[in-house]
Ligand code: F6P
């Protein structure tokens, strides 16, 4: 039977639909009530369809699934990833290294510390131009070859923190198996001064291994067999990296209980550490750790990840919102929507509960977005006057990394104006097509400034939000079995395309497409 709190929430949603957010905002102390800060992030969630009763019901929903206990289990390293029978301990990576944490009676902090030390040595050598290539020249370019969590975190964070760059070493990223990516990149690079980081938790992801093999062949063709100093690996499967030809001294590891999409805090963060240096990298970890502390200790009603999660549940399950737009008004957060897409959609794109039952409700939203103000001139029309109901997270910083203060004020004004326009709409128009219905909810995450600490806080905030939603939906947020089938089929179809042989398991449409490709490529 459906939890009675769900029924109550549905009734409350039906009643709320008659309300105007602009009227709700007239309540005394509304903003004080529905806003708070954690470290350098201030959340204003007053422009939502909520009141005290709705919040009380949402918090009761959280209590009904023993959320406080679930938070403790995550952070203590219990096996919350039940299908893979292991913890999801990304929080250990940013915790005080001197505080032991036992997993299977073993202190996991020691190896985390040892790997960070190894990472620091690599970073220092590169920064000091002491990491030399085969011909004795210092490395000038580093290419991260990885995909999914082994690409998006470093890519997003290196760009987000580009104003904190400490080194002249240029960072590049190759993820897609589309051959133009690696071949175009290699055209720009000098093999004598290029270092490749092969980032792969499993060290068996076809895209990554294919691109890595092209890079390795390119190095051998130019430098002969002595390419040891041109290859690094970051992986949870070090023996496979060695099998590929990476020297054991050049392999950084992390534990299998770090999920790919939660791995930016581990040695997978090496490209970021190279870019911003270890001191800033540690600040990034500290920001996440501050959010972990808050998540673990704040009461649910004042707990930022919990509040964001409950608002998401409110709209997804009771207002039929199927998407969430994340709109950063910080240009260097341009890859954040992509990063959050994997974090949220790979974690909560599930329809079977931890009790092996079909969920009777909708789960994870479609996450999408783009930086403002660019998005304003592309898809905001649909947000304002389209027929879909799309809650928005706006992200903006009070201070810029540029000294053009007035221009930054214009940026902030645009962000606040969009949130206001979505809420207020416009009914003073002459023609129906000009009418803007308004009443669209949004959160504003106001950051002090885009710093390593704040980025750490922000990413941990969304990680925990996703976990809370998974707990409420009773799904396992830490596996991704749905991506396996496509990988297997691609492997089989590659053999068919290459050898032009079909087996009866290939459907007729796909067979015809393979034929057409052959015809068109002749
Ligand atoms: O897309 C599936 C996935 O397993 C992601 O979860 C992961 O981040 C990505 O592939 C890359 O995996 P790996 O780091 O093992 O190469």
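Placement of Cβ uses the backbone N, Cα and C atoms for every residue, glycine included.
Copied over from TrEMBL:
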ACT_SITE  346  active site, proton donor
ACT_SITE  377  active site
ACT_SITE  487  active site
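Sequence features annotated in TrEMBL and their locations in the structure.
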| residue | record | DSSP class |
| --- | --- | --- |
| 346 | active site, proton donor | helix |
| 377 | active site | helix |
| 487 | active site | helix |
Residue pair the residue listed as 'active site, proton donor', residue 377 (active site) - Cα distance, angstrom, rounded: 29
Fewest other Cβ within 10 angstroms of its own Cβ, chosen from the active-site residues 377, 487: 377
Cα-Cα distance linking residue 487 (active site) and residue 377 (active site), given in Å to the nearest integer: 37
